[in-house]
């Protein structure tokens with residue numbers, strides 16, 4: 001049972017004041033009329049674990065008691081709902097039907113029927129009072145269920161009668177006709193209060209179900225948060241470890257390639273100290289021999305690119321020297337065409353030396369030496 005509880009009996013007459021009692025440790029520690037339960041209790045707010053129960057007027061809720069011994073509890077609840085709906089006035093869309101198991105083999109299902117509009121009004125009233133009830137209980141269920149006679153008790157400022165198959169206010173005009181000459185046993189206020197306190201922990205029926213069920217508060221589950229944080233941290237650590245392992249793997253592979261390359265370079269240059277120096281010395285050696293990666297192809301490609309936009313220019317002859325110089329004789333119809341080729345070579349970054357050749361009757365010829373810087 002919750003250590004704290006607030007029980008509020010809502011009057012059927014909207015002008016009357018509600019009756020409330022506050023429960024602590026299973027005992028009533030305060031009670032009064034009105035909506036000043038906080039002020040009268042010397043509180044600014046209800047304790048966090050307080051369970052709030054609204055007790056609704058007997059005249060606004062219709063109760064049914066049914067038993068389907070051949071059905072499972074779940075099937076019995078469904079059948080009880082359908083039976084209550086058949087015995088009610090109004091469409092299913094306008095009614096709210098709540099069920100609960102009683103645990104009594106002779107009277108297994110409590111069923112309460114109330115209009116959806118009335119449920120909305122009770123919840124709106126509670127919201128205006130700053131509370132969100134955990135339980136909404138019909139008043140008639142605070143009285144014991146008699147087998148044959150009637151029982152009566154004071155609930156929420158009115159006398160309530162409960163019989164084997166009904167619950168009604170004693171002030172209702174038809175109450176005398178329903179009771180007739182049947183015996184009426186009085187239930188003391190003390191017993192009614194004990195039933196209300198017990199209902200805080202285990203209500204015989206709670207109207208807050210279905211569309212009107214209380215929405216749970218979203219509270220952070222800190223153990224779950226810590227577990228997720230630990231899991232994310234572990235995943236991040238594993239990702240970092242994998243990345244570091246890949247880096248080490250690539251670094252070792254690169255070192256192996258460098259060592260192999262240096263070993264190959266030493267077959268030509270025995271005294272090369274490291275791979276960086278080996279690259280420079282091999283390029284120099286290849287250049288001396290008139291070869292190398294771009295020794296010929298670089299200037300040749302630059303020359304052909306320069307001549308691409310001068311369709312009338314042509315190559316009369318070409319030679320490549322051991323010093324790494326591409327020597328060509330260019331022929332062009334005019335000096336402008338020749339200069340366009342030479343300017344394109346220079347703009348591409350090549351070193352160009354041009355020597356014109358005398359040819360009075362034919363096209364202009366120029367001896368051009370091209371080399372990389």
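Placement of Cβ uses the backbone N, Cα and C atoms for every residue, glycine included.
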According to TrEMBL, which of these ranges is transmembrane segment: 224-244, 245-265, 266-286, 287-307? 224-244
Could you give the mean pLDDT over the domain 'GspL periplasmic' (217-371), rounded to a whole number? 80
